[in-house]
Amino acid sequence: MKKKLVLIIIDGLGLRLESQGNGFALAKTPVFDRLFQEYPNSLIAASGQEVGLPEGQMGNSEVGHLNIGAGFVVYTGISIINNALKTGKFFENEKFILAFRHSIKTGFPLQIMGLFSPGGVHSHQDHLFALIDFAANFGVKKLNLHLFGDGRDVGPKSIKPWIKMLNLKLKNYEDYKIASISGRFYSMDRDKMFDRVELGYNALLGKAENTFTDPIDYINFQYEKGVSDEFFEPAINLKVNKKDFLADDHPVIFFNFRPDRARQLSHLILQTDLYEQKPKNPIKTDVFVSMMKYEGINCLVAFEEMRVENPLGKLISMAGFRQLRLAETQKYAHVTFFVDGGVELELENSDRILIDSLKVQSYADFPQMSAVEITDKLLEVGQNYDFIIMNFANPDMVGHTGDLKATIKAVEILDFQIGRICKWAEEKNFDFFITADHGNAELTEDENGNPSTKHTTFPVMLISSDKTIKLKSGKLANIAPTILDYLGLDKHPDMDHDSLIIKDK
């Protein structure tokens, strides 16, 4: 008899012993308590080199889901680019050189934009510094930087020291300037909130209500208003000539390597077919370079990604299982695009259900997000499928607010939903595995008691509903082989990691 299985991916829920600032440990979680006490479980590494990131680098949702589906460690953006820097290949990149030559030939400024922080989730400031050096050494005379405040993968108000470092570098070059500043809330939305994105886009064009002559002064002004890095209101530098802001035929480099929050802004610049929304102030450029491939965006790509040819979902489909992917908007791409290897796969006998995420400024005010609706939908249609991958976004998205009380509430709401799924699974003869893609909710305060809004390097859980098996510890790349093993299916030779189910000798 074919087994039926649900893989529940809890976004941003790591395991940490200390209780201070721990939204998981401080929450009332009778369901999780029972699962840990009575069911097979183990620890899963979800950060650093274990998931293809630099040593000590916190995990993230994209990398986590890629590794979960791949069955091997997937080296992604930051590792690929860092290696190019290490070997010197970065400074031979033909796509960058093409953009530089276009700037030199036309006399138009090189426009470089991206998330400015050492967070390493969507971008890294070291890559920007390297680009500036590369452009200068190649002979680019005029360069404009369009910086997006982070405040999420790093501290909420942490950008000033890095801006000061950047200013020191820019002093070496007469026409290299910070042309605009905006928060990632505007420039890196992924939830089709184009009213926000257009404000960030307009700042690239030199159109914004807010202005500055000194970036540090503007940051201080925003802080005085209670605005953190993530939410910086788009502003432009009055010292930059109006004609030097982004315009027709200007070369552009977008130094974000992670695609999901880069696609909407890229779409507005390039006017692709990816979304219906069109910019009110369109421009045209044929020289647009992305660090890595942004799915659906036709542009020059600086670095090729590692390919996942035979992900878990593809093998499940080939085995004749009817499968479902279920998540809310914030994590829908992760249970489809990313877990399928970073491509849009059309799998036989496979359905996708998207539950709309609440359109709010802060999930701290709505820690339930769409967890109840996701569970309701599973209970409504789940019995029609053999294999289900689903995601709960609460711990991650609420954890990003740094609000401990809200994070505790999010975890408690999630615990209740997991309880509903446990009951349903037993009634419908389903088994389940519960894991997470990375940590977050378990650390909402730093060592000084200030809010921590970033991911963590703590391990995550793997829990099985089947009391007849035993699990050993591993990493996210072990999960696909474990599921295939449990379902009695062979893993693909590409999957060089083993099942975590302990076999009797």
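In case you wondered, yes, glycine gets a Cβ from its N, Cα and C as well.
Sequence-distant neighbours of Ser61 (active site, phosphoserine intermediate): residues of the same chain at least 6 apart with a C-beta under 8 Å from its C-beta are Asp11, Gly12, Lys331, His334, Phe338, Asp396, Asp437, His438. The feature active site, phosphoserine intermediate is assigned by Swiss-Prot to Ser61.
In the three-state DSSP reading, Ser61 (active site, phosphoserine intermediate) counts as helix. What Swiss-Prot records for Asp11, Ser61, Asp437, His438 is Mn(2+) 2 binding site, and it gives sequence analysis as the kind of evidence.
Within the same chain, residues at least six positions away from Arg261 (substrate binding site) with a Cβ under 8 Å of its Cβ are His122, Arg184, Met188, Asp189, Arg190. According to Swiss-Prot, the substrate binding site annotation covers His122, Arg152, Asp153, Arg184, Arg190, Arg258, Pro259, Asp260, Arg261, Lys331.
Under the DSSP three-state reduction, His400 (Mn(2+) 1 binding site) is assigned to coil, being neither helix nor strand. Look at Swiss-Prot and you will find Asp396, His400, His455 tagged as Mn(2+) 1 binding site.
Candidate binding-site residues: His122, Arg190, His400, His438, His455. Fewest other C-beta atoms within 10 angstroms, Arg190. Annotated pair Asp153 (substrate binding site) and His455 (Mn(2+) 1 binding site), C-alpha to C-alpha distance, rounded: 6 Å. In this structure, the C-alpha atom of His455 (Mn(2+) 1 binding site) lies 18 angstrom from that of Pro259 (substrate binding site). Separation of the C-alpha atoms of Pro259 (substrate binding site) and His400 (Mn(2+) 1 binding site): 19 Å, rounded to the nearest whole number.
Note on Asp11 (Mn(2+) 2 binding site): other Cβ atoms within 10 Å of its Cβ, all shown chains, come to 26. The binding-site residues considered are Asp153, Asp437; of these, Asp153 has the fewest other C-beta atoms within 10 angstroms of its C-beta. Taking the centre of the Cβ atoms of Asp11, Ser61, Asp437, His438 as the Mn(2+) 2 site, the nearby residues of that chain (Cβ within 8 Å, site residues left out) are Ile9, Gly12, Ala46, Gly59, Asn60, Gly64, His65, Lys331, His334, Asp396, Ala436, Asn440, His455.
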